[in-house]
């Protein structure tokens, strides 16, 4: 059965009961040429964990873009960062919908089967998963809807195409149910205005306006899904739910005899994310005569202690306007900043805020150091020239846990910090940048400490960022008709609060925002109040960062030296040499990296030794000069160049064979041993060496043949 839903600038086609019929819920969703399969599977036996056993996996199939996976093993293996981050977005959007006490292991799988380059896979992926979950026998009050908002030509645009997003100043992703927002992710998108770069920060009022715009689209989408699929939803399964552990006798006993102990534990927990102090109280209660006589269960006592702790913390904040560590609601923990503490690192910053500490280190590299990855919606590999990586070892919270490869949380926090800092990094920066945040202590807000430390680490490495960027984690607590907004939350407040959101930006506005809402609806006025309080906190931190910035001593001696100059693009072949021999010899001889831009003739040389860089430049200029002298002094040289292309005419068509694929295009073998260049901008599909293409001569200039694809 096919169902069409026309909403939020998309015509969405859903096919129900066609595929994956043994899953608890499934749907095939199509938007233009994008096709996504979403399935939900549920076990029939509960588990004992005290958390929701939900797993979300978003997987992109390479055949969706007509490709065969690269590498030695020709199949999809470990998910890429984009897949992992998208899985996390779907998880954060759907997790709040599950009923309280639900403890059945549940898996949501999203397969991208066909990818249209213009369609937003994250929006389609979430909405397909939402409909599949709503159709299942798991009780859901309404389907989630996810939307993306752009800001193009001074207007908000709902669900822009990928091409439109390239011209947007805003990338806002919001998910919710009806009029309740559940998850928000935002970043500003920098662009060039002539020779000047705009960071495109968003003011607090403009941000509220954008979220309001998104919320109306979510209401329309969620309502449309409910109206379309409510009659198709499976009957709710007869599930058992873990009851809320309530025992009035135990609760009264704890309140009468252990209030001071719990309060002392809260004071201690304000300094750490670990709950060891509460465990001690539980053990103490279990050893009491009352507990032994009444045969109290340890897990029940532990649960009630946790609730009592939560009650005390929230009561202090709401009624006494006082936090567990004695701070005012808008007070930031003490901050200390040290820069360039690592003598052989290009740039470093040790940023400490209370019991959260991040050592952030920046390294500068050449073009070959960029992270290259494939995307289903791009015909050419994506080169990531600014990387931000976040590490969270167990010792930062006092745990003896094994060091593993980064998980979803680490990737998510690193991505947030990267989004916050990217607008400040010059788009024309000549070097590849890798910034790493090592969390050495954690008691809340480690991702925002990474942003602050990262901004100063970039400056310490000599990167001329446009502005300093600071971040602060905020919290929100609701009790009846009262609310409290907290600045710079610690782990305790994050755990027992109703909402946490992280805001990063400059004095002029917000560059990145992430919000997870546990309580459902939040008014725009409270949201505006929270963002303005975050702005005050951000400006306070920026004051301290500016002082630290003035004290930075850049270690020029260890920074890589770079020379950028131009040559005649036609001389690139002489610099490279036959089979790359000449350029390889220069790289080995002078221990430098050399990057050539064949279209513009730009040459970029980078190395640790200034003299070596200058000598490499001198050698390249000599190669170019000798080539020029040879052309001037040799009639044969000129005649030979004309002869090579004399048999070709502009507009002439050939069946050419792909001979070599480069980052700037593909060399196509034509006839008589002559090659032509098909520039990357003309390539519409993934190419492989040996492919046959119908091409046309577009231009013949200085003995070089430029090609285009035949229609």
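Glycine too: its Cβ is placed from the backbone N, Cα and C atoms.
It should be emphasised that the depicted structure is a prediction, and the values quoted were computed from it without experimental measurement.
Per Swiss-Prot, the feature Mg(2+) binding site maps to 494, 500. In sequence order, 444, 473, 475, 500 are the residues near residue 494 (Mg(2+) binding site), counting only same-chain partners six or more apart with C-beta under 8 A.
Taken from Swiss-Prot, the feature domain 'KH' applies to 560-620, supported by sequence analysis. In the domain 'KH' (560-620), the DSSP tally of helix, strand and coil residues is 32 helix, 18 strand, 11 coil.
The domain 'S1 motif' annotation in Swiss-Prot covers 651-710. Mean per-residue pLDDT, taken over the domain 'S1 motif' (651-710), amounts to 83.
In three-state terms derived from DSSP, residue 494 (Mg(2+) binding site) belongs to a helical segment.
All protein chains considered, the CB of residue 500 (Mg(2+) binding site) has 21 other CB atoms within 10 Å.
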